[in-house]
Amino acid sequence: GFFQSYAVEVDIKDASNATCLYADWMMKFLITYESNNGDYKNTTLNLSSNVTHNGSICGNDTQAALVAVQFGEGHSWSINITKNNETYQGDFITLTYNTNDTAVFPDAKRKGLVNVLVKDPLPPVQLNTVFVCHSSYLVEAENTTQIFWNVTVQAFVQNGTVSKKESRCPADAPTSAPTVPPTIANVTTASTTTLSPAPTTAPKPVENPDTGNYSLKSGNKTCFLATVGLQLNVSQDKPLLININPKTTIADGACGNRTATLKLNDGNSTLIGF
């Protein structure tokens, strides 16, 4: 797979030892930081194999639930989740990374903990419903990109049992085939006369995608170049071909010492990562 990271599973119990909040997900962080030389570098912060969830709480009608995890050399991540009538929703996400971790920030000018606070962009979820999102989605703020995928979460679990009713993120929705425009062969004709079948014509082939030029910069230097035409072949009952339009596609990402990530977003919920 493109992403390499450890999964996090948090099962929080209430006073009666029943599950009140369950979450299972994967995440990683792309961070831009200032080096001792005054230039800006990009690095990737992954979860370690040893993750704790100290401080996580169930929450109730008047108090927000909290999922808090700690990992690596002093890094942590948390999200508080509020309950409102018949729904629950993530409120704020807090990422704290430690630039004293020389394996991730080998030459950081600023030493110590850096806090990044950002609003959770996901919509509310009905109570007694588990939110599921296998696709990756991004949260960007203050020189950081937080990437999440394979997410399963339910707050304010009822009767200690995670619901089987799912609320899926928009990115997981299947892509529908385009509507076929009317042709001689498929227009319904109001007539009592029996018509001979229209001759079968070969489908019009999809044109080759336009070539786009995409680049990333690290400080003032270009660190990633890609000149490519992209076409997606979506496997379904009738294969769907989608050309990525360079004129409407935004390039983003980050370059590190050992890895580089190019993200292409065409504005139509299509996100491609290299």
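Cβ coordinates come from backbone N, Cα and C, glycine included.
According to TrEMBL, the feature disulfide bond maps to Cys133-Cys169. Around Cys169 (disulfide bond), the C-beta neighbours below 8 angstroms that are at least 6 residues distant in the chain are Leu122, Phe131, Val132, Cys133, Ser135, Tyr137, Val151.
Here TrEMBL flags 164-184 as region 'Disordered'.
DSSP labels the residues of the domain 'Lysosome-associated membrane glycoprotein 2-like luminal' (209-271) in these numbers: 3 helix, 38 strand, 22 coil. Taken from TrEMBL, the feature domain 'Lysosome-associated membrane glycoprotein 2-like luminal' covers 209-271.
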